[in-house]
Structure formats: structure tokens, C-alpha cells
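Colleague: Can you read through this structure? Questions will come right after.
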């Protein structure tokens, strides 16, 4: 059988999918689509030797992973600026119709509120829209994470937190991937991601690749190797209209994960560009279409 035993990590993800389809509780969720859901799943993915957990049993939108992460790192919250890069993944949540439905009738289209990037770079600052100057405001958690990894790598407090209770009511969508903790052991940087809500078909494949890439980027600027991505899921769910597509994915045998490297010596997390992030050896199977629940 093709690729037998070459990618046990991806099989962990596929086993989670099967477990949810077989054993999940049927829930009528916020979107009205309905899900099968389990609470409290965990998997570990190796990041050693440049490996990144970018699924191979379907094509994952790598450009979207990269551009969204760079957008987060900039502290940006404007879906239109991400869309201008050709990445439309936040367009639905930033649409006039969706913002109005959430009570944000006075907010410009595309303004998602103080979501991930704002919390990463300006935690605690007052949010005044996408174009305000937030320089020096709030806590730059991402810079603090990197400073601690460099200067206090044994700390148990190296945490990046997007769940700011004070700001939740201003967000177009509260954070699904809420908190990442980093740890340095034997010269390797590992990340543990807590995700309160995981759309296993569409969101989780993206999140695994994104936090795998973020860990590689932070390790690079800190002159460390990479270790592992530990992924903890709260509500892990399969949308009912994804079941057939995911059963098709379950029939596929994983190929080896690709690797990632960076062009040149990059010393600051803010200096990465899409062009400096190089993906190697990605050989996925055909895409599998699944509708996004908004």
C-alpha cells in the first residue's frame, strides 16, 4: 500500500476524524449546520528536521497558511488587506452581512475587531479600528515570548494568549485557537496549542500547519531546533455536511509530510516574508471540497 507506515503523525489526525464520526454526539451548533462532536482530544506532531504537519491526504491551502500567519504577526485585523493578497479565508466573517448580523453595523466592512493579531501584539490596548496607530500600546505578547525563549528558556510562563475576555464582544469571531505555550528542552523548541473549538475538516488542518510554521519561525530567530507540536482540542467537531468528504479522505493513505526552511538569516519575527518561507517536498493528494460554516 502506498506510503505505508511513513506518516504515523497524519494517521493520528485521521484516527481523530474516524473517532468523531463513529462516536461523536450530534449537536445543533451556532451555525445551524449541525456537528458530530467530542470533547478533549490530543495529538502530538513532530517538527524535527524541518518537518511541518501539512496534511497530504488532501491539498491544504499553503499560501493561505503563510499569508494569514504573517497577517497575524503584523497585528492586522482587516480582512480586506488579507484578501488583497489573494487569501479570502476571512472574507465571509468580514462581510457586511455577517458584521451586521453580529451587531457591528457601524463597523467598516472587513474590520474583524480585536482578533488574533491584535491580541498577539497589543493585548490590553483599546481597539479603535483597523487603521489606528497602536504602536507602543498594550502588551506585545509575541515579542515577549521570543525574549523569554532567548533569555529565560526554562520559564514555564512562555505563553501567547488570544482569549481576552474584555474584548470578546468586539470580535467578529472569538478565537478558536486560543492559547499557545512554548518550551525549550535540549535545544529544541516545542509548542502546545490549546484550541477551544476545532472544525476537523477545514480549520484544524490549517491550524496544525500554522502553529507548526510559527514554531519553526520562532525557533529560527532564537537559533534553536524544533521539537514537537502538541495539539489539545476542546470541542472537536465534524460538520454534518463534511462527513462524506471526510470519509473520502479517510480512504487515502498518507504520504510523508513536507519540510520548511527560510531564505537567509532572519533575526526578527517581523522580517519574514512569504518569499522567505520555502516549502519543500509537498506531494498531496487531490483537494477535497468542504463548505465553510459561518
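Any Cβ shown, glycine's included, is placed from N, Cα and C.
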Colleague: Given that Swiss-Prot annotates 30, 156, 157, 196, 197, 198, 199, 237, 238, 239 as dUMP-binding, name the residue from 164, 207 that shares the site.
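Modeller: For the dUMP site that includes 30, 156, 157, 196, 197, 198, 199, 237, 238, 239, Swiss-Prot also lists 207.
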Colleague: Reported as an integer number of Å, what is the Cα distance between residue 293 ((6R)-5,10-methylene-5,6,7,8-tetrahydrofolate binding site) and residue 239 (dUMP binding site)?
Modeller: 8
Colleague: Look at the recorded positions 176, 293 and tell me which residue has the greatest number of other C-beta atoms within 10 angstroms of its C-beta.
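Modeller: When each Cβ's neighbours within 10 Å are tallied, 293 leads.
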Colleague: Just the number: how many Å between the Cα atoms of residue 237 (dUMP binding site) and residue 176 (active site, nucleophile)?
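Modeller: Spelling it out, the Cα of residue 237 (dUMP binding site) and the Cα of residue 176 (active site, nucleophile) are 12 Å apart.
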Colleague: Between residue 239 (dUMP binding site) and residue 176 (active site, nucleophile), what C-alpha distance do you get in Å?
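Modeller: With distance taken Cα to Cα, residue 176 (active site, nucleophile) is 15 Å from residue 239 (dUMP binding site).
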